[in-house]
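Engineer: For reference, TrEMBL lists these features for the protein:
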DOMAIN    7-65  domain 'TRAM'
BINDING   Gln289, Tyr318, Glu339, Asp387  S-adenosyl-L-methionine binding site
ACT_SITE  Cys414  active site
ACT_SITE  Cys414  active site, nucleophile
Amino acid sequence: MNIKQPPVQKNEFVDVYIEDLTHDGAGVAKVDGFPLFIPNALPGETAKVKVIKVKKGYGFARLIERTEESPYRVEAPCPVYQQCGGCQLQHMNYEGQLLFKQKQMKEVMARIGQLTDVLVHPVLGMEDPWRYRNKAQVPVAEREGGLVAGFYQQRSHDIIDMNECLIQQSENDKVVQKVKGILEKHGVRAYDEAKHRGAVRHIMARYGLVTGEIMVVIVTRTAELPHKNQLIEEITEAIPAVKSIVHNINSKKTNVILGDETKVIWGEEYIYDYIGDVKFAISAKSFYQVNPEQTKVLYDKALEYANLTGEETVIDAYCGIGTISLFLAQQAKKVYGVEIVPEAIEDAKRNAVLNHIENAEFAVGEAEVVIPNWYKEGITADVMVVDPPRKGCDEALLNTIIEMKPKRVVYVSCGPATLARDLKVLEEGGYQTVEIQPVDMFPHTTHCEAVAKLVLKEQ
Ligand code: SAH
């Protein structure tokens, strides 16, 4: 047998050149082809590293000394960047992040999709890439008689206190701090995960970027929210923009934040926000894009690629609360949206009414089941829009698209690898990928969203 020994050993010091970044932002260097993962190292840097773990096909190393620095390296602005893990790229400046995301998109298209010369545009980034998140979900714990609210330290369940998060809307930071203070004042106990005791598990804040409306959600293990009436009085007084206070009960031993029971204890069931001209109602449990400013950029691109004249029938697969569908409906003859979560479809229908949109129809179900059925019934699309979760489209859906032959396919993706895989299938089925536009929805993280335009080739 010819078992190749790794070229490095534990505790060995090696000089390396960092050539790439992994999905979680670690640098990658190769020693005789053997990959080493090195946290806090950037592509283009050279460094002395110490090998700390050697596995079968790869290893991990610690950065000892950088011998050459990336021109994109910066000091991470967030003081808890290393402990938190919520961001992975703060040690790279924004220009470097955008270049890196474009390069990764190109490489994934070539490697997985065999699309070696597809046009991948420069990433559309934010002018100010900070404080973009419109939703905060902050775990609460007790320390020395007081409350802490912050984040789970990486790879642990210890909660570290945090007053602000640099990618969070500052309104949400203030809401969390104020609610924490009010809970503390009334001696409300925090949930203790180990003992499964105590009351408050999470404070959640949602913020309508355009409307300025705020929703506060307090998640407890207990059926009752202790001191409920005083809390309501003080929260409404301390946060004038609050429109809705919600109590959610989650009595399970689980990492899932929200439980099944949700009660509006003060104000409205919804807050509202706009993306472009379209108004959306957002409840405690609604899925809503977390970066509304960039969502507009993404949807504008999707709309441009759909190239609608008002005569088209469009199918929007994986439509969520109908965000893209309602955007498209303004310029199409008819839009059919399909989505697996029934509550999201209820939201989509409500949002259509809210915007006086009458040419959008929504169905609950799996896209790969509903759309083939529609096709059998004679419903076809001129333009197909898909926006699947990270695992990409089901093959049955791709096959139906290939049979149905919509003139254009607009593929919105949050997973470059599955996008590449699915584009390959569509290319083999008669489509051509014209261009791909990455959009930075999550600055300082390694996530990359993109929209691809495909056209049916002349036959
Ligand atoms: N287009 C929406 C949501 C995209 S997220 C927006 O921009 O806001 C992907 C959505 O696909 C989620 O809402 C998820 O519930 C849904 N989904 C996941 N698997 C599905 C399937 N097999 N069929 C239909 N919808 C699905």
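Even glycines carry a Cβ here, placed using N, Cα and C.
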Engineer: Filtering Tyr318, Asp387, Cys414 (recorded positions) by proximity to ligand 1: which pass a Cβ cutoff of under 6 Å to any of its atoms?
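Structural biologist: Within range of ligand 1: Tyr318, Asp387.
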Engineer: Using an 8 Å cut-off from the Cβ centroid of Gln289, Tyr318, Glu339, Asp387, can you name the remaining same-chain residues around the S-adenosyl-L-methionine site, in sequence order?
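Structural biologist: For the S-adenosyl-L-methionine site the neighbour list reads Phe287, Asp316, Cys319, Gly320, Thr323, Ile324, Pro388, Val412.
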Engineer: Return the count of C-beta atoms lying within 10 angstroms of the C-beta of Glu339 (S-adenosyl-L-methionine binding site), excluding that atom itself.
Structural biologist: 27
Engineer: Taking the residues the record says bind S-adenosyl-L-methionine (Gln289, Tyr318, Glu339, Asp387), how far apart in Å are the two Cα atoms that sit farthest from each other?
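Structural biologist: Overall maximum Cα spacing for these binding residues reaches 15 Å.
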Engineer: C-alpha of Tyr318 (S-adenosyl-L-methionine binding site) to C-alpha of the residue listed as 'active site': distance in Å?
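Structural biologist: Answer for this pair: 12 Å between alpha carbons.
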Engineer: What average pLDDT is reported by the model for the domain 'TRAM' (7-65)?
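Structural biologist: Averaging the confidence scores along the domain 'TRAM' (7-65) gives 95.
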Engineer: Taking the Cα of Cys414 (active site) as the centre, which of the binding-site residues listed as Gln289, Glu339, Asp387 lie within 10 Å of it?
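Structural biologist: Cα within 10 Å of Cys414 (active site): Asp387.
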Engineer: With an 8 Å cut-off on Cβ-Cβ distance and a minimum sequence separation of at least 6, pull the same-chain contacts of Asp387 (S-adenosyl-L-methionine binding site), or say none.
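Structural biologist: Long-range Cβ contacts: Asp316, Ala317, Tyr318, Cys319, Gly320, Ile324, Val412, Ser413.
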Engineer: Please work out the helix, strand and coil residue numbers for the domain 'TRAM' (7-65) from the DSSP assignment.
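Structural biologist: The counts are 0 helix, 35 strand, 24 coil.
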Engineer: Report the same-chain neighbours of Gln289 (S-adenosyl-L-methionine binding site): residues 6+ apart in sequence with Cβ closer than 8 Å to its Cβ, ordered by sequence.
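Structural biologist: Spatial neighbours, sequence-distant, of Gln289 (S-adenosyl-L-methionine binding site): Ile275, Thr295, Thr323, Met441.
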Engineer: I need the most crowded of these recorded positions: Tyr318, Cys414. Count other C-beta atoms within 10 angstroms of each C-beta and give me the top one.
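Structural biologist: Answer returned by the neighbour count: Tyr318.
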